[in-house]
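Note sheet for the following structure.
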Amino acid sequence: MFEINWALLAPLFIVEFILLAVALIDLIRIDETNGPKWVWAVICIFISILGPVLYFIFGRRP
Amino acid sequence: MQWSVIFKREMMEYVRSIKWIWVPIVFFIFGIMDQITMYYLPKIIDATGGMPEGAEVNIPSPPPAEALFMSINEMNTLGILIIGLLSMSLIAGELKSGVYELVLSKPVKYANYVTAKWAALSTLVLASFFIGLLAGWYYTNILFGELAIDKFLVAFLVYGLYLLFFITIAIFVNTWFKRPGMVLFLSILLIIFVNIITSILGHFLTWSPGHISSYVSTYLFTGNITTEMWGTIGTTIVLIIGLLYAAVEVLKRKEL
């Protein structure tokens with residue numbers, strides 16, 4: 001295996017984590033979503049980056 | 001006065017729907033993704049089994065100008081898609097849900113309504129794009145070699161104009177249809193159409209907005225702003241103003 005420069009990748013992981021955290025907190029606080037909540041939770045957790053973005057665009061009810 | 005009220009309402013809406021958090025983050029990721037992948041590519045190939053015995057492939061490290069342009073390329077595809085998704089229900093959604101009638105039952109000028117919404121979305125997108133490109137520029141400097149900051153600034157300003165052009169197209173299409181999906185489809189179709197026309201008739205239409213990304217690429221390599229680039233900037237600004245005016249006119253004539 002090769003050496004990974006963590007200082008280089010840290011911003012990416014931090015930002016990804018913020019995105020996930022914001023999505024999950026919002027998911028808990030929101031009253032209703034398009035479709036069942038637990039499905040969105042699974043999508044957010046298991047699909048990195050794209051999952052939370054999909055939730056923000058399609059999951060939140062205006 | 002009225003204009004700033006609508007603008008502030010729109011900004012509040014972006015805060016409430018957490019767009020002010022996720023859009024900058026997504027553009028930040030777009031900005032640095034390609035540089036990081038490019039940097040680790042030889043190692044990734046090694047880790048996934050490597051080249052067959054005897055095959056010697058040298059992946060050259062791209063020059064800094066090309067590395068920064070990778071960020072812009074990413075904005076050109078995924079960024080445009082995100083902007084399309086953001087803007088698809090900007091006015092169309094309000095036409096559909098009836099908020100629009102509520103807003104215009106007060107004496108609100110159509111021009112104020114349209115331009116305030118346009119300015120709000122532009123602020124969000126340009127701020128996010130700035131963050132993304134800045135991150136891309138920073139990573140370019142670290143991984144691929146130095147690139148002057150004025151190149152980053154000019155690339156931001158000129159390519160930002162292209163993003164504004166796309167936002168304006170999306171706002172214009174917003175005034176035609178009530179269905180968000182239709183708005184998204186048509187605005188992306190229109191920008192693709194502009195690019196196709198530009199690539200077919202590129203020799204005549206040297207001032208077409210479709211040239212912006214290739215002109216930015218040339219600028220990053222050579223460092224001079226050509227007259228064609230100024231011409232393109234001029235046409236794009238004129239087209240933005242024209243489309244905004246058309247959007248207001250269409251909305252005025254719309255039956256509720």
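Note that the numbers count up from 1, one per residue, in the order the chain is shown.
Cβ coordinates are placed from backbone N, Cα and C, and glycine is handled just like the others.
In TrEMBL, annotation is done automatically, which means it is predicted and not curated.
Feature list (source: TrEMBL):
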TRANSMEM  B:20-41  transmembrane segment
TRANSMEM  B:78-97  transmembrane segment
TRANSMEM  B:118-140  transmembrane segment
TRANSMEM  B:152-177  transmembrane segment
TRANSMEM  B:184-209  transmembrane segment
TRANSMEM  B:229-248  transmembrane segment
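Long-range Cβ contacts of the transmembrane segment (B:152-177) within its own chain (Cβ-Cβ under 8 Å, at least 6 residues beyond either end) map to 68, 72, 75, 79-80, 83-84, 87-88, 90-92, 114, 117-118, 121-122, 125-126, 129-130, 133-134, 137, 183, 186-187, 190-191, 209, 212-213, 215-216, 219-220, 225, 229, 233, 236-237, 239-240, 243-244, 246-247, 250-251, 254.
If you look at the transmembrane segment (B:20-41), the same-chain residues 6 or more away from its ends with a CB under 8 A from one of its CBs are 14, 59, 62, 67, 70-71, 73-75, 78-79, 82, 86, 124-125, 127-129, 131-136, 139-140, 143-144. Sequence-distant contacts of the transmembrane segment (B:184-209), counting only residues of its own chain at least 6 positions beyond either end whose CB sits under 8 Å from a CB of the stretch, comprise 80-81, 84-85, 87-88, 162, 165-166, 169-170, 173, 176-177, 228, 231-232, 234-236, 239. When Cβ-Cβ distances below 8 Å are used as the criterion, the transmembrane segment (B:229-248) is approached by residues 110-111, 114-115, 118, 158, 161-162, 164-165, 168-169, 171-172, 174-175, 206-209, 211-212, 215, 219 of the same chain, each at least six residues removed from its ends.
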